Structures are given as C-alpha cells and as structure tokens.
C-alpha cells in the first residue's frame, strides 16, 4: 500500500520559525514552532544570528515529523516562505556568515538611504525597482556589511562571499551549499532588482559598489530549485519547489489570483497587497510596486502598503504598559469601553510606513481626558491598526483606479472580532476572514505542490481556502468620516511634533 504524501511549508518569520505539514485538502496535519533570540546592538538596530535561524528551522522540521509520525519519505515537496529583506552575507567556501543577519526592521543603514536620496537617485530607483529608498530594503544592508566588516569588500570582489535573503540562506543550507537561488518576490524587495526587465540592475549595483557575483540566481516562485541533502532532512532527498516572501505567499494562499483582489496580513506589522495583474503600475502616492508572484512563465505585479506597527501595538499594551495580560484580552477590554472614540493612538514607534514614509515620527496619543479609562486606551490602540489600513486602502484605490469591494484578511490580529468589525466600518467594505489563517505557509505549500503536480493547477486550489467569516460595514457614513478625519489630524500633529524637534536640532 502506498503511503499518503504531504507538502511541508517552512515559514521563517521575524521572531520564530515554523514547519507545517499540509495534506491534499490544504489542511494542517502537523506543525512545530521555535522562537530564536533577537539581537539589539544599539537603539533602532535589529539583528539575528543566521546560524540560530538555521538551527531553529532544523528543529521545527524534526518537530513536525515527531508530532505527526509522518516520515521524510512522505514529503512530496517543500515550500519556503520567509521574513523579507533581512540580509545575510556569508563565506562561499565555509558557509559561515561574516556578520549577523540585518533584519528588515533595522534602521542602522538609514544614513546610507538618506545619502542616496540626497544624491538624487529616488526617481531612478523607484522606476526600476518599484520601491522608495529606505533602510527597510536589502541593498543598504549589504552595503553596510561590506563597509563594516574588515576586508569584506575585497573578498566580495574576489567572489568569496555570497548574499542572500532568508529564502536563499535556507535553500543553500538545506542543499548543503549546492544551490544559490532566490525568487521573484524576494528579489523584488532588495532594491537591486529591476522588476520590469526581471534582472539584477547593473546601474544600481554600480552605484552601491555591490559585486554581482554575490547575488543569487532569480527563479520563478514555483519550480524545482534543488533537493535537500539527505543529512539535512532526516534521510530524505526532497524537492524544494516553492518560494515566496511572507506577504506574497499570503497573497497566493488567499487565492487572490485576479487583478483587484486585495489581502491584508495582520502580523507584527500589517501588509496590504493588491494583485495588479501583468502590468507594472508605479505608485504616485508612496505605495510600493512589487512582484506578487511569477508562475508558469508569467509574472503578476502587485501594489503594497507596509504598516510597521500592527500586532506589535497589542504586544506593547501587554509587555510595555502591562494593561493586558494576554493579547486576546484586548478585545474584551475594547468592547467594555464607553468612550465616544475621541482617543487616538498613533503607534509610530519606528516611524510611519505607507503612505507617509516618515522614519522620524514617533508614537503619540491624543484626546485624553480625566475620564479616559484603560478600556478606552486599549480600544484606541486597536482602532489605530484599522485607521492605518484605511490610509493604505484609500491610497491603493487612487493609484490603481480600482474600487476595492472586499479585503481578505489573515494573521494573528485578524482573530480579533472587534477589530475586524471596526475595520469593515472604517473602510465601508466587506472584510473576509480566511477559514484557514495559516495563509502564508499555505501559499508556500501551494507553490511547492503545483511545481511537482501534487495539485494539478491553480483552479484546483480554489476550493481549498474558503472564507471563514464575513464582516459587513454597519457604521453610518458621517460618523465614519468624522472618526477618520480625527485620525488624519492626529497623524499630522505627530509629524509636526518631530519636525519641530528636527528644526531645533538644525538651529543648534
């Protein structure tokens, strides 16, 4: 009797790694998760030890097998999804990283980004990569490592060093150094990849003095890249056949295959992506243009809005302010609030993302009175997530000319019913919460399974991740717009506060 076959998704995130095994119905059969340490060398810097990431991945692969009694020989293919932009540079011969991985959130390379802007490269980089110049992306992180590790530039020029985002690093490790590749979606987040020509861009590489030999080969999101070395996959030589950055994997897992479909993942941050089809649309309002996925020889472009603080605002209530003991408790407290929504929290702890891109802004609170309670404060913090999403959705509609009718949602904070209802109200559209909230891992599994024929085609996937719950807008138009105007005033005041500080510094 033949054994049942499965797909394994490796979901390598910002704070933890997970391995999830899916069956042919797209159901989770087994999973394992392991956190790893965050490294904060200085204020605003965030780093990871790339070997600790690899160790955590090895651990969760084993954990998923142990929990389910599934054998490595039963895994038909592996899909990888990952925290994007996070940058690793390692020795080609030994496989040892020459510096910690610099994480997407880290601001240590902001001076390099600022210099690129001052030198007048904003338009050129935007037109080629679809991105704004920011420390968020990989390019300045590579430059920083080559500048700060003695001898690194020279070694890179000799072809002794390799660069990769986390997908590349994991494939390199799983194949024991046999394969150095990335995929369209991750390459599109480096600020080095020309998303129109689908090539590493020589002009940008020259500008940043980054040797092309360091860079991985760019592949589609669904094809066989290589096989695991048996000793790295508990005896199994299994095809690695799907890869996508976490937010693009979620777009695919949400089955947002048609132009105009939009998904939002409420994680640490909140990332809203709209499928714009086979045409690259440049934003004139600070959205990012990126590659959603490339499959069967066809690239699908996307517009993306990045919100830096979403779920982490709830963690701040729990860990920083000690207002709640668990994240789910925020919903009960918010529902108990009797305020008239006059309190606004602007959680700009690491600046503001789309559409403001103001890295100097810092968190602020407005509208407090003597009667403001803990419940009111918690509700305002949850509402801040929804207001930020409205900022992005409004911008997307202007840029794309598409009237968005529905937002597909997933991620941890999407479980908060109060937040989802307020999100529907403040947007005035339907919110469709996925039945299977593991959409990021599911997207990676779908991409891997398609490449090896585990699922026949994209139509076969459409039954596998239905809507779990629909939230419909119920707030009247005048109240909705009054609340949103208050939010816009709060954001403006937040920006003015730090601008005044910058002006004071300049005057000294």
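Backbone N, Cα and C define each Cβ position, glycine as well.
Swiss-Prot names 14, 18, 268, 412, 416 as ADP ligands; from the candidate set 63, 226, 311, 367, the record adds 311 to that same site. Among 136, 184, 193, 301, the residue that Swiss-Prot places alongside 84, 85, 246, 247 at the glycerol binding site is 136.
When the Cα atoms are compared, residue 315 (ATP binding site) and residue 232 (phosphohistidine) turn out to be 35 Å apart. For residue 15 (ATP binding site), the count of additional Cβ atoms within 10 Å of its Cβ stands at 13 [all protein chains shown].
Highest local Cβ density among the binding-site residues 14, 16, 247, 315, 416 belongs to 247, counted as other Cβ atoms within 10 Å over all protein chains shown. Neighbour counts of Cβ atoms within 10 Å were taken for the recorded positions 84, 232; the minimum is at 232. Summary for the binding-site residues 18, 85, 136, 412: the Cβ-based neighbour count within 10 Å is maximal at 136.
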